[in-house]
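Annotated features, as they stand in TrEMBL:
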type	residues	note
COMPBIAS	847-857	compositional bias 'Polar residues'
COMPBIAS	890-900	compositional bias 'Low complexity'
DOMAIN	590-708	domain 'SLC12A transporter C-terminal'
DOMAIN	722-851	domain 'SLC12A transporter C-terminal'
DOMAIN	952-1020	domain 'SLC12A transporter C-terminal'
REGION	831-909	region 'Disordered'
TRANSMEM	20-40	transmembrane segment
TRANSMEM	47-67	transmembrane segment
TRANSMEM	79-108	transmembrane segment
TRANSMEM	134-151	transmembrane segment
TRANSMEM	157-176	transmembrane segment
TRANSMEM	292-312	transmembrane segment
TRANSMEM	332-358	transmembrane segment
TRANSMEM	437-455	transmembrane segment
TRANSMEM	461-482	transmembrane segment
TRANSMEM	494-519	transmembrane segment
Amino acid sequence: MGVYLPCIQNIFGVILFLRMTWMVGIGGVFGSFIIVFMCCSTTMLTAISMSAIATNGVVPAGGSYYMISRSLGPEFGGAVGICFYLGTTFAGAMYILGAIELLLIYILPQAAIFKMEGLEGADMEAAMLNNMRVYGTIVLSFMATVVFVGVKYVNKLALVFLACVILSILAVYAGVIKTAFEPPVFPVCILGNRTLISKGFDVCAKVIERDNGTVTTKLWKIFCDSEFLNATCDEYFANNNVSEIQGIPGVSSGILAENLFGYYLEKGDFLEKRGISAMQDPDALITNSNRYVLADITSFFTLLVGIYFPSVTGIMAGSNRSGDLRDAQKSIPIGTIAAITTTSIVYMSAVVLFGACIEGVVLRDKFGEGVNGNLVIGTLAWPSPWVIVIGSFFSTCGAGLQSLTGAPRLLQAISRDSVIPFLKVFGHGKANGEPTWALLLTASICEIGIIIASLDAVAPILSMFFLMCYMFVNLACALQTLLRTPNWRPRFKFYHWALSFLGMSLCLSLMFICSWYYAIVAMVIATCIYKYIEFAGAEKEWGDGIRGISLSAARFALMRLEEGPPHTKNWRPQIMVLVSVDAEQNVEQPRLLSLTNQLKAGKGLTIVGTSVVGTFLNNHAEAQKTDQSLRKLMETEKVKGFSQVVISSNLRDGTSHLIQVGGLGGLKHNTVLVSWPRTWKQAEDNLRFRNFIEVVRETTAASMALLVPKNIAAYPSNGERFTEGHIDVWWIVHDGGMLMLLPFLLRQHKVWRKCKMRIFTVAQMDDNSIQMKKDLITFLYHLRIDAEVEVVEMHDSDISAYTYEKTLVMEQRSQILKQMHLTKNEMEREIQSITDSSRGSIRRKNPSNLRSQQSSEEPAGVSVEEKPEEESVAVSRPKQVQLIHNKNATPTSPTSPITPAGGVTTPGSEVQMTWTDKAEHQAAAAHPEQGGVKDIFNMKPEWESLNQSNVRRMHTALRLNEVIMKKSKDAKLVLLNMPGPPKNRMGEENYMEFLEVLTEGLNRVLLVRGGGREVITIYS
């Protein structure tokens, strides 16, 4: 009974007494029954879902808000909680307006401040609304004071109000039974087929016989200019007869057939009796319209749904008291479902009984103007209409008090959960916990409903909010059932996900049936609250169903990603950021994360990783602290991604583990971002720079791209803005397009947006620089990248050991640039061999002077496939896919060394050859002046020996640095190809020194090493 009685009291309300008969008259028995059935079915399905949620564990005070928020998460919980709060608040306004309507129309009409007598049309309507506003505000203030003074008085009066409701309903049923034997005398006066307002006359006739003479009645005087029989009368009055019909013919009268179907009216239409003909001139002006009963609003089916639905709300009154119940898990399902069953039976039977007992024109008479101003449902009641009038007045006042009591507590519960920060102030109250501030806000919102002043306009508003709340209750149950979370074990077993989805669909449908614009407004309010909580709300982990959906969706997406590597068009940098932490577990290079954020225009994966030296058992707490430090910095730098901390016996192994095992399934990093070891020359940092070179080796072996920012402390923070400047790209080796893609991504961020992109490429004096520039501009145009292009010419003596690299790269770039000149068919054949080939696949035509120094058996076509840390290279060159080499390039300098890995083939054949130390020594012996010189940007250069070639290499770095400094000294960022690491440890210092010389004097440098695949394409 602790659930059943509160639900009964909240469900039976003002709509039953004030609008139910009117709804049956307008919509017909059939249409009204459909409306009642839809609404009751919705609440029953919602109650089943609510029962399942309520019995899945202990439900503290908070009721529906608690259930939804813990099932769907704080975002949905907060949004729906606010909707439920607004619905309850507007319900209070609706109950107060209902009480004022009963007072001013049926109980004490003379109490009206704005007099309505003698007014008609818009003036009378305005006076009525103003009366509602004034009295509504007074009653609202009184009720809010009562609630503020003490809720205990409201709770004590609850049983009295409930008794009034039950007695009123019993009086109606008693009256229905009585009509079967002795129908009450409630005559309705009809002129022609129009219903007359009963005030102003006493006899429903034009004339009466008195003292053997014919005497005119008061009705005659209303429509004629004098009381004499020869007076001039209203045309419609003169042409039609006056008749009197019985307003309540009774159950056995057969009136049900007449009331079976709807009779929808436009505003201002006459209430006409079906089956009676009337004589009227369609062109005649309507006069004396204030003497007829008129429709006050335009009615249609969807309006009836919106007005009626509030009469079935209140099903959560029991669950809202869950904290006070002895056994909530047993009481809530039984009490709620029993209450809905009882009220549904009463409503459905009332629709049929009203249609079977009461005349149609009386049913459509909303304010009882045709039955002496009586409440229509009161005319049916036994023993007296006043039983209904007084009973419904007190029950409506009680319901209003209950709403003003419950709504502030709901708002207080939401505020104390801290899911909506700006509502925290409403969580405070009096010393005894009464929500004072929440009550003040509730009364203010309720006043909005009072100012609207029309019961018919307020009802659809609260219908929206309640329907949205019920919809999410059904959604919560359906999701929990479908996800089969281990914690979903409700004691209530009579539920199914299909029923919940049906209930959710009904709620959504009813929202748009009631009022599509109110539905959109309610959804916008809920969406705004959801996004606000998501953006600014406190983080809550309630084990909600949305988290379960996310897990399921993530698992499904990861399984799909396993199907294969991404296409070039879908490639984006999935970055593993390797950071180091100090003794206090603070990140030493926070600007690495700033750079990461600026690179995330690609929206890829980000993992920020570091390693802790020690063992898992001894250093687990330290690792957790480090992880929290990483998360905090990521939040500060607005980096969306994951943190990962590994514990290892040394930093080298820890970093290696991060590179190997970072990510999950197909969602793995393809790019490593690591800072340049600034103090690598110091003896105490010797280990650090060797670890850095190992990272370079491992990323190369794993075919991952590598980004190494130098002078990371000089990089801009996310709050800085460059208003001008350049991002310079020195395109030495075609690395799959990384050098082109990175500036484009950076310029998507507001820090770099105003910077312009420049691309520099190196040419020899004997190259056609003009044609090279044209080809590169065409290539960039097809890539949809805006950049300035400049070809830098360097003398052979300037680049010395760099000559071979230049030749190799020019052949490689020629493949990319010259494809612009291919025919369409040739281009289709070449696209896979060019844009999707593995890193650095170089097909070049050997210069004649280089061939003369090598074996005479070497053919013109040599395919070099660079593969890191491998000794054997498979080479293939089918005749039909020979690329057009650079027709503008002349044979290169004889200082070019032999390729470090090469295969000799004849067209259409494939030969596998191995580079051996013996072959290397033979080549060096044949060309002693450059035999030890290797490609400085090759994947496996020789850095070990401090011989003449290393001197040349440093000279090359110095000359190239001079050129870069000349062109890019003032650039905001310089991007350079990063050479491959040394094969063994002997040349590591030389390698670091070379990079140091190459980048000396530049403020911000980003060294880039491609991952062995194309990352950018000219094709859509």
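The backbone N, Cα and C atoms fix where each Cβ goes, and this holds for glycine too.
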Residue numbers, six or more beyond the limits of the transmembrane segment (20-40), whose CB comes under 8 Å of its CB atoms:
256, 259-265, 299, 301, 304-305, 307-309, 311-312, 340, 343-344, 347-348, 350-352, 354-356, 358, 360-366, 376-377, 506, 510
Counting only pairs 6 or more apart in sequence, are there at least 3 Cβ pairs under 8 Å between the transmembrane segment (332-358) and the transmembrane segment (79-108)?
no
Assess whether the transmembrane segment (461-482) lies in contact with the transmembrane segment (157-176), where contact requires at least three Cβ pairs under 8 Å among residues 6 or more apart in sequence.
no
Residues outside the transmembrane segment (292-312) whose C-beta sits under 8 Å from one of its C-beta atoms, at least 6 past its ends, are 11-16, 19-20, 23, 26-27, 31-32, 35-36, 38-40, 42-43, 91, 94, 125, 191, 194-197, 262, 264-271, 340, 343-344, 347, 361, 364-367, 369-370, 455-456, 459-460, 462-463, 466-467, 510, 513-515, 518
Residue numbers, six or more beyond the limits of the transmembrane segment (79-108), whose CB comes under 8 Å of its CB atoms:
13-15, 17-18, 64-65, 68-69, 72, 128, 131-132, 135-136, 139-140, 143, 310, 313, 316, 367-368, 373-375, 378, 389-390, 392-393, 396-397, 399-400, 403-404, 406-407, 410-411, 413-414, 420, 442, 445-450, 452-455, 458-459, 461-462, 464-466, 468-469, 472, 522, 525-527, 529-530, 533
For the domain 'SLC12A transporter C-terminal' (590-708), residues assigned helix / strand / coil by DSSP
63 helix, 25 strand, 31 coil
What are the DSSP helix/strand/coil residue counts across the domain 'SLC12A transporter C-terminal' (952-1020)?
32 helix, 10 strand, 27 coil
